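These notes concern the structure reproduced below.
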Ligand SMILES: O=C(O)C1=C[C@@H](OP(=O)(O)O)[C@@H](O)[C@H](O)C1
Ligand SMILES: C=C(OP(=O)(O)O)C(=O)O
């Protein structure tokens, strides 16, 4: 299936109930389980990545399929390794190619027993769960913060606790902060000093917990604001003092001329036209915002140099390659270097006559490209639009409510 997306014919006005954060939802579910909480998490995300987590935690089965959810794969691998029994965990073909060796090695050295069912270093896994000794280990900080979050959440339940020395550059750091902040809300303290995080044996306390709206999802509406210029957009359920690192998107979009006003129910966006001539930014802390900014910048004709993109190659797809390939179809030539830098200096090529944007089973490819319909006279065609359910199932419905036409073909 594909959608031809057409811009609203009238001035775009939208008050959007954003989805709940999947990063917070999936942590809260693990912490709720570890605290033996009698309460249900409020405002859980209804996205695929959270659905697979809920299913796994409530299932009687010993075999779990977490589909494409990176957080579920990493968090459940750690969680199951400390629950007595034999478990298997698998996912989509792409998941079977997303590395997990660093986490498996770390868990095995802390007393777990995890084996590879197919390819060494990758899911699917067979996990023989038992009480974990814990202790002191080193782990590279530059591949995926999800390995670190996964270890931290089970750390207080290890016999000796955990002392984790992070080696080298630490990527996606706000996600580690998010894990520690949520653990603290559930009654567990950690000490983070330089490159070392220490967690003593402790018990989690059950609490009543409500998930906030998703700042990564908000970024697509900021892009719509930047490209339509005269829209009226309100995004509900976002907070200024958010636990989410992607709240940084609000400040960064100010550089593309979009202002943010916080109200008691979310944010109101305003276009003020004060955009920079070139955007230079290091996305090491907000990798999930990179696609939104790449697409928005080229369509605003703002050259950019984005660094810190090293984790993009091992996400839902190789996002650096996917962005280059799909933007070439629209007439933009991007260059990459060092597996971590993507740049556009204004260079163009002949656009395809009837381009169809491929989405590579990556929700963020679909969501980041859709706003392009606002500036392309014939609209934009997007293949496999249903991929958005990974994090934002109501995305297309919300665009429709805002006045976009979505024609199936
Ligand atoms: O912990 C999390 O909730 C996430 C961490 C990030 O992954 P990496 O740490 O692999 O960069 C991010 O890209 C992902 O969408 C969600
Ligand atoms: C990278 C992402 O998810 P995950 O790694 O959890 O699959 C994402 O949502 O952009």
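Glycine too: its Cβ is placed from the backbone N, Cα and C atoms.
Because the structure is a prediction, the values reported are computed rather than measured.
Pulled from TrEMBL:
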- 288: active site, proton acceptor (ACT_SITE)
- 22, 70, 98, 146, 319, 364, 390: phosphoenolpyruvate binding site (BINDING)
- 22, 23, 27, 144, 145, 146, 172, 288, 315: 3-phosphoshikimate binding site (BINDING)
- 8-58: domain 'Enolpyruvate transferase' (DOMAIN)
- 64-399: domain 'Enolpyruvate transferase' (DOMAIN)
Review point. When a 10 Å sphere is centred on the Cβ of residue 315 (3-phosphoshikimate binding site), how many other Cβ atoms does it contain?
Key: 20
Check your understanding: Using Cα coordinates, what distance in whole Å links residue 315 (3-phosphoshikimate binding site) and residue 288 (active site, proton acceptor)?
Key -> 9
Check your understanding: About how far apart, in whole Å, are the alpha carbons (Cα) of residue 27 (3-phosphoshikimate binding site) and residue 146 (phosphoenolpyruvate binding site)?
Key -> 11
Revision key, fill the gap. For ligand 1, the binding-site residues of 27, 98, 364, 390 whose CB is under 6 Å from one of its atoms are none
Revision key, fill the gap. Residue 390 (phosphoenolpyruvate binding site) -> DSSP, reduced to three states, gives helix
**Study point:** Within the predicted model, mean pLDDT of the domain 'Enolpyruvate transferase' (8-58)
**Key:** 98
Review point. Largest pairwise Cα distance, Å, within the listed 3-phosphoshikimate binders 22, 23, 27, 144, 145, 146, 172, 288, 315?
Key: 19
Review point. When you tally the Cβ atoms that lie within 10 Å of each candidate's Cβ, which of the binding-site residues (98, 364, 390) has the highest tally?
Key: 364
Review point. Relative to the Cβ of residue 145 (3-phosphoshikimate binding site), which residues of the same chain, six or more apart in sequence, are found under 8 Å away?
Key: 170, 171, 172, 173, 175, 176
Exercise for review: Taking a cut-off of under 6 Å between Cβ and any atom of ligand 2, tell me which of the binding-site residues 22, 70, 145, 315, 364 pass.
Suggested key: 70, 315, 364
Check your understanding: Per DSSP, what is the residue count of the domain 'Enolpyruvate transferase' (8-58) in each of helix, strand and coil?
Key -> 23 helix, 7 strand, 21 coil
Point to revise | Close in space, distant in sequence - residue 146 (phosphoenolpyruvate binding site), Cβ under 8 Å, 6 or more apart | key: 70, 71, 74, 75, 103, 172, 175
Revision key, fill the gap. Per DSSP (three-state), the residue listed as 'active site, proton acceptor' is helix
**Study point:** Collapsed DSSP category at residue 146 (phosphoenolpyruvate binding site)
**Key:** helix
Exercise for review: Determine, from DSSP, whether residue 364 (phosphoenolpyruvate binding site) sits in helix, strand or coil.
Suggested key: helix
